[in-house]
Structure formats: C-alpha cells, structure tokens
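> Annotated domain 'G-protein coupled receptors family 1 profile' per TrEMBL: 23-284, in sequence order. Under the heading transmembrane segment, TrEMBL lists 6-31, 43-71, 91-109, 129-149, 179-205, 235-259, 271-291.
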Amino acid sequence: MMGLTEGVFLIVCGTEFTLGILVNGFIGLVNGRSWFKTKRMSLSDFIIATLALSRIILLCIILTDSFLIVFSVNEHDSGIIMQIIDVFWTFTNHLSIWFATCLGVLYCLKIASFSHPTFLWLKWRVSRVMVWMLVGALLLSCGSIASLINEFKLYSVLRGIEATGNVTEHFRKKRNEYYLIHVLGTLWYLPPLIVSLACYFLLIFSLGRHTRQMLQNSTSSRDPSTEAHKRAIRIILSFFFLFLLYFLAFLIASFGHFLPKTKMVKMIGEVMTMFYPAGHSFIVIVGNSKLKQTFVEMLRCESGHLKPGSKGPIFS
C-alpha cells in the first residue's frame with residue numbers, strides 16, 4: 001500500500017513533470033509554428049526545438065521510473081523493463097545534455113570576439129561546426145548505450161553466480177569490475193561539461209575585452225553586443241550550475257542501491273533529476289527574444305491586454 005511519503009513523492013514528480021512538459025512544449029510549438037509559416041528554421045531554433053523534444057521524452061522516462069520506484073521497487077532494481085528504461089534514459093539524457101552544450105557553443109561562436117585564427121576559423125564555419133557537433137553528440141550517445149549494455153551483461157553474470165551461492169574470489173573480481181564500469185560510465189558526462197565551461201570563460205573574457213573598448217571609446221556599456229554577451233553568459237552559466245545539480249541527482253539515483261534506505265534515496269534523486277529539464281528550458285525562453293516575446297504576449301492575452309508586435313530572436 002502506498003504511504004504518505006510515496007504519495008508526496010508522486011505529487012512532486014507529477015508537478016515537475018507537468019511544468020516541464022508545458023515549458024518544453026511551448027518551445028516546440030513556437031518554433032514549429034514559425035517553421036510552418038516560413039518553411040525555414042534557423043540553426044539556433046533547430047537546436048532549441050530538438051533540445052525541447054529530447055527533454056519531453058526524458059521527462060516521460062523519469063516519470064515512468066518514478067512510478068516503478070513506488071509501485072514495483074523490485075522490478076525497478078532489476079529485470080528487462082528496467083534495462084529498457086535505462087537504455088532510453090541514457091540515450092535521451094546524453095542527447096539532451098549535448099544539445100544544451102551545442103546551444104552554448106553556438107552562442108559563444110556568434111557573440112564572442114577573438115582574433116585567434118582557430119576561433120575565427122570556427123566562427124566563419126559555425127554552421128558546419130554545429131552540424132558536426134550534433135553528429136558527434138549522436139555518436140557519443142550511442143557509445144554510452146554500448147557501455148551500458150556491457151554493464152548489463154556483467155550484472156547478469158554476477159546475478160547468476162550469486163544465485164548459486166558460490167561467492168568466490170572470481171565473483172569478487174567480477175563485482176569490483178562491475179562497480180568500476182558503473183563509475184566510469186559517469187565520465188561520459190565530462191566532455192559536455194568541459195565544453196560548456198570553456199564557452200563560459202570565453203564569453204567572460206570577450207565581455208571584459210569588449211567593455212574595456214567601450215570605456216576607452218566613451219561609449220555606453222549597455223550596447224547590443226554587451227547585452228548579447230550577458231544574456232549568453234546567463235544561459236550558459238545557468239546550464240552549468242543546473243547540470244551540476246542534475247549530475248549530483250543522477251549519481252544519487254544511480255548509486256542509490258549502495259546507500260542505506262535505498263528507496264528514499266532514489267526518490268530524492270528522482271525529484272532533483274526532474275528539476276533540470278524544466279528549469280533550464282525556462283531560462284532558454286527568457287534568453288531568447290522570440291520565445292520571450294511570444295511568452296509575454298501569451299500572458300497579456302490571458303489577462304486581456306494583448307498588444308501587437310513581436311521581435312525576432314537575437315541568436316539567429
């Protein structure tokens with residue numbers, strides 16, 4: 001029978017799920033409507049739309065996982081259903097993180113200003129760079145699944161040995177190998193984190209350089225370039241901190257069976273995990289002129305004070 005803790009857990013997860021679906025669905029609808037009208041979609045709109053789609057799928061997977069924790073904890077810890085969920089979660093999770101990283105790289109290349117030949121080469125070929133990054137994101141996501149399947153095979157061997165009751169030195173070695181592979185699997189998250197951090201520092205340096213030039217020329221520091229720098233920094237920095245929180249929550253959810261009170265630890269991890277797909281997408285809306293303008297107009301329409309007029313996205 002479901003207790004009070006499980007009920008509160010499902011209510012919180014359901015609330016986060018609903019907010020996440022609304023925020024990411026809004027992004028998908030706005031960009032989809034724009035594409036339907038013009039038959040064109042900018043690179044930034046495409047990345048944002050695919051990011052929103054991946055997060056909608058991710059939220060559905062996490063919600064399914066949450067129900068399994070409450071109603072079928074044994075099935076959650078093992079079994080073919082859990083393996084299928086893990087595969088889809090891992091693939092969609094990596095895609096979502098890489099799409100957010102690609103968005104940060106795009107903002108950095110479009111806004112930051114450096115005279116280094118390598119940066120200029122990347123800046124002039126930004127469309128090609130982004131295409132290769134998206135292809136690389138897909139390949140790396142598939143690679144993470146291959147690593148996970150290898151982990152499943154090793155786990156199956158361990159369960160078979162454990163069922164016989166023959167806990168030998170070979171079993172201990174296999175168990176340590178499984179733990180090592182499980183820990184190394186988290187290293188797949190380091191590349192996007194490092195790339196996002198590099199973009200953040202590049203934008204900081206570019207903003208500082210640009211601000212000094214404005215002061216030397218006695219120009220207002222609130223020019224469009226400065227505002228674009230600040231907006232991109234906010235988006236990338238928010239992704240960085242939210243991703244750290246998400247990574248911590250993912251570790252809690254993944255390594256919950258190593259800790260006491262496993263079910264409670266997993267529920268805490270799930271609640272923290274669901275916050276990221278909705279929270280960062282809302283920040284993307286605030287940082288994108290077209291999405292923000294549409295959102296404001298929608299609110300005005302709801303309150304009966306709609307005013308015509310809209311602006312295009314600043315990152316197009």
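Note that Cβ sites are derived from N, Cα and C of the backbone, with glycine treated the same way.
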> In this predicted model, what is the average pLDDT of the domain 'G-protein coupled receptors family 1 profile' (23-284)?
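Overall, the domain 'G-protein coupled receptors family 1 profile' (23-284) comes to a mean pLDDT of 80.
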> Given the cut-off of 8 Å on Cβ pairs that are 6 or more apart in sequence, determine whether the transmembrane segment (91-109) and the transmembrane segment (6-31) share at least 3 such pairs.
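The transmembrane segment (6-31) and the transmembrane segment (91-109): touching, no.
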